[in-house]
Every structure is written in C-alpha cells, then in structure tokens.
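**Student:** Below you will find the structure I want to go over with you.
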Amino acid sequence: MATIVAPHDFSAVEDAESLNKACKGWGTNEKGIISILGHRTAAQRQQIRLAYHELYQEDLVKRLESELSGDFEKAVYRWILDPADRDAVLANVAIRKLVNPDYHVVLEIACIRSPEELLAVRRAYQARYKHSLEEDVAAHTTGDIRKLLVALVTAFRYNGYEINARLAKSEAGILHDAIKDKSFNHEEVIRIVSTRSKAQVMATFNCYRDDQGTSITKKLLGEGGDHGTEFTKALRTAIRCLNDSKKYFEKVLRNAIKRVGTDEDALTRVIVTRAEKDLKDIKEYYYKRNSVPLEEAVAKDTSGDYKDFLLTLLGKED
C-alpha cells in the first residue's frame, strides 16, 4: 500500500501558481514546495507540470532544479518525473557510472516493475536518450553480466497468476544442477530467471527450497559467499527482486541507513519509487526486522528539507 497522502480534489492551476510563488523573491519557500508536491500523485504532478508550463512558458522541473540543491533537489527531481521517465533516468545514471556500475538498480527496474511498466521505461529511455536501454546496458557491461542484464531488461513476461507445478519442479531441478556444478551462468539459468512469469518463477524457487531444504539465494550465497563473482551477486539480486520485492527493499533501506555515512541515493530511490506503490508494507517489514520505525531511522540519519520531504512521502502528517 502507498504512503503518500494526496487529496482527491485539487487545482493544478492553483498548485502551479503556489509553486511559482514559492520560487520567487528572496529565498525559496521549500516548505511550500514540500506541502504541495509531497501530497500529489503522479497523475496530479503531471497535471501541475502542464499547468505550470501553460501559465509561465517554463518547465517546472528545470525551475525547481535551479532553485533547490543537494539531496533535497535530487529527491524532488526524481519525485516530480513521470514514473517511467524517472526509472529511465535512474537506469541511465546507474549504468554510466565509470566505477562500479549499479547493476542492482537496473535489476530492480527489470525484475520488480510489471511487464507493462518495464515496456514504458524502455520507451521513456529511448525518448530521453535517443538510444535503447538494452543498447546502453550492453555497451557498459561484458560477459555473463551482459547476458543476464540484457535478457532481463528486454523481457516481456506473462503477468498472470497461473502456474505449472510440474514445470516448476523440473526447472527447480535445472537450477539445482547448475548451482551444484557451479554453472551459475548456464544459459538455462538465465532463461528461467528472465523469461518465466513472476508467479511461475516464484513457484520454481519454492520447489527448490522444498527439495533442497534451503532457499536458492542462501545456496548461491553459500557457494559464492560475499566474495562471489559479480555475476552470482547480480543473479542473487535478480532472484530476490523477483521472489519478494518488499523484503528486498527493506534490506536496501537497512543497508543505506546503517552504513557509515548514509547512502542517500539508495534511500531516496526506494522512498521515491515506492511511496505510491507498497511503501507502507516495506515500512512494516522494516519495523519487524529492526524494531525501529522507518520514519524514526530516516529522521535520525537525514536533516533539513531533505528529511522533511522524505518524511512527507513516508506519510508523516504535517
């Protein structure tokens, strides 16, 4: 369930005028910006952007970029974009990192978004960057990582809930044999993970756990350890995203907050991308795992307008 609190009735024109006023004069009214944008859905934010452009012949995104700074600016920028366009930006930034490309960001998008959402991201990516997502993924990766990521970002999985139990048992056996032989990069492993519906692949992972007495992710970790290859780490991330995305996001948040120096990029990414989806469920996972409310952890590790904005998206009342 979503965490943002948005009104059913609102005026895009009034919001656009208020945002323009917040960006005028001596100093920006950050609280005014948060009070509006932090309480609007993606569809409402899109209407505000259109109204702003009609009123002032200016792109609201560019105006806010020029008025805000730091982690707060980055969070507002990510939030105000259309979700598919936002994912296109996140993917582009991740794969173009010269040192340690963020494969997990691409894996999140490829494995957690619905087939239609992923297709929308690929369209948005082409419109924004004038080449395809898979083209850039392939250009910035090599070997087995390239095979896995390209297969995942180009997938259009069946989105239904039907499963084939015999197929799940058979493919759990294929995965077991591949892991036993340390053939993690076997083409059959990539085929199963990248083409089967989420319901089917989850049934396969459940069969694997029932047959082997341990989860496939734990088995991969045991075989490769924390010092496993980049490919085994990427494969584990893909499986975790497909199998239980809320549990996966809880761990991303936990790691972002507990590390020395908060990982603001990861913290912002999860809150901004899940606030209209399932952030309420992720918050519950976080509390069960850490015995601390996520809002409290975020408030402790962030400050200023950035903190206020994230807390607003987490559902904190003004």
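A Cβ is built for glycine as well, from the same backbone N, Cα and C atoms used for every other residue.
Any TrEMBL annotation is an automated prediction that lacks curation.
Take a look at what TrEMBL says about it:
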{"type": "BINDING", "residues": "Gly25, Gly27, Glu67, Arg259, Gly261, Ala299, Asp301, Thr302", "note": "Ca(2+) 1 binding site"}
{"type": "BINDING", "residues": "Ile257", "note": "Ca(2+) 2 binding site"}
**Student:** When you measure from the Cβ of Gly27 (Ca(2+) 1 binding site), how many other Cβ atoms are you left with inside 10 Å?
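**Tutor:** Summing over all protein chains shown, Gly27 (Ca(2+) 1 binding site) has 9 other Cβ atoms within 10 Å.
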**Student:** Let's check the environment of Gly261 (Ca(2+) 1 binding site): how many other CB atoms sit within 10 Å of its CB?
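**Tutor:** Other Cβ atoms within 10 Å of Gly261 (Ca(2+) 1 binding site): 6.
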**Student:** Report, as a single number, how many Cβ atoms besides its own are within 10 Å of the Cβ of the residue listed as 'Ca(2+) 2 binding site'.
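**Tutor:** That number is 20.
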**Student:** Between Thr302 (Ca(2+) 1 binding site) and the residue listed as 'Ca(2+) 2 binding site', what is the CA-CA distance rounded to a whole number of Å?
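**Tutor:** With the alpha carbons as reference points, the distance is 9 Å.
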**Student:** Under 8 Å between C-beta atoms and at least six apart in sequence, can you list the same-chain neighbours of Ala299 (Ca(2+) 1 binding site), or say none if there are none?
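**Tutor:** Within the chain, Ala299 (Ca(2+) 1 binding site) has Cβ neighbours under 8 Å at Lys307, Leu311.
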**Student:** Non-local Cβ contacts of Asp301 (Ca(2+) 1 binding site) (under 8 Å, 6 or more apart, same chain)?
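**Tutor:** Spatial neighbours, sequence-distant, of Asp301 (Ca(2+) 1 binding site): Ile257, Thr262, Leu267.
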**Student:** Counting other Cβ atoms within 10 Å, pick out the least crowded of the binding-site residues Glu67, Arg259.
**Tutor:** Arg259
**Student:** Just how many other Cβ atoms lie inside 10 Å of the Cβ on Thr302 (Ca(2+) 1 binding site)?
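**Tutor:** Result for Thr302 (Ca(2+) 1 binding site): 22 neighbouring Cβ atoms inside 10 Å.
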